Amino acid sequence: MDERLVSSELDNHESAIEQSLRPQRLAQYIGQEKVKDNLKVFIEAAKMREETLDHVLLYGPPGLGKTTLAAIIANEMGVNLRTTSGPAIERPGDLAAILTALEPGDVLFIDEIHRLHRSIEEVLYPAMEDFCLDIVIGKGPSARSVRLDLPPFTLVGATTRVGLLTAPLRDRFGVLSRLEYYTRDELSEIVIRTAELFEVDIDSLSALEIARRSRGTPRIANRLLRRVRDFAQVLGNSSITEEVAVDALERLQVDKLGLDHIDRKLLMGMIEKFGGGPVGIDTISATIGEESHTIEDVYEPYLLQIGFIQRTPRGRIVTPDVYSHFKMEVPNHD
């Protein structure tokens, strides 16, 4: 898969940069107002009762701030954050080692929690419900179960695919919060904040121009800002003006809706070779040279969100909005 500026997934080399940009408190966190307001109440109530916060499940598309919120929850509660991920916990013993190392009140963040193996989930159930760990010592007829007490802790799980969570695991979370795509104004505010951290001058129109092409996702907005900053420093006077921003984004082939060359390749392939559809996902895959699951998981979600593609029983079709965007006539199929 080609590297994409508009991918909402985190590149390995971006981790340190993202870490430096993350807000530390709810008051600094831009957007997700309903989620923030509810978390503020739950956190304050837990602190007033001197209890741990209920387990929290954060779900929604990638790049919207789930990891950031987990760290903020720990900061607001005044406790340590322990971080791991579903794929990193390969055996029940791995989870047991993590749980027994927790201090009272700690926040344990498990990213991609939907990828936990079922056998590991079963170890997690009593830990979440009763703060205890059941381990089996020995093998065969002499094997016996021993229960270990754990310190009270808060589990924060994050997932982009909440439908893959088992019902027993999902039901053990007391707080379930869905993160939504950001508005253009919220993204513009994030761009301005990030520019300040980068010590780069930017005006409001330039920030809006970057925001409108960021697909509702802060991670993409910050990535585009970094690339626009490069153009401003090399080709301009280091300040980001609207003219510099538009020129840079056009050079980067990210259009006014945030579509890139791969989006255009997919959409134009459907139009030019299949009359706009309906066309099956496997056929699209063969046409543009991408795996079917990559199209479904990476490319389609945004195109569905903005109404450029529809799924039908007979396959995918492009909508009239696509023809309008590309300044093409809508074909008459009558």
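Here the Cβ of each residue, glycine as well, is placed from N, Cα and C on the backbone.
Keep in mind that what you see is a predicted model, and the values were worked out from it rather than measured.
Among the candidates ARG213, ARG215, ARG219, ARG223, the residue that Swiss-Prot names alongside LEU21, ARG22, GLY63, LYS66, THR67, THR68, GLU129, ASP130, PHE131, ARG172, TYR182 for the ATP site is ARG219. If you measure from the Cα atom of ARG316 (DNA binding site) to that of GLY63 (ATP binding site), you get 26 Å.
Over all protein chains present, the Cβ of ARG311 (DNA binding site) has 13 other Cβ atoms lying within 10 Å. According to DSSP, TYR182 (ATP binding site) sits in a coil region rather than a helix or strand.
Across the structure, LEU21 (ATP binding site) and ARG311 (DNA binding site) place their CA atoms 37 angstrom apart.
Distance between Cα atoms for PHE131 (ATP binding site) and ARG311 (DNA binding site): 44 Å, as a whole number.
It is 24 Å from the Cα atom of TYR182 (ATP binding site) to that of ARG311 (DNA binding site).
GLU129 (ATP binding site) is 40 Å away from ARG311 (DNA binding site) when you measure Cα to Cα.
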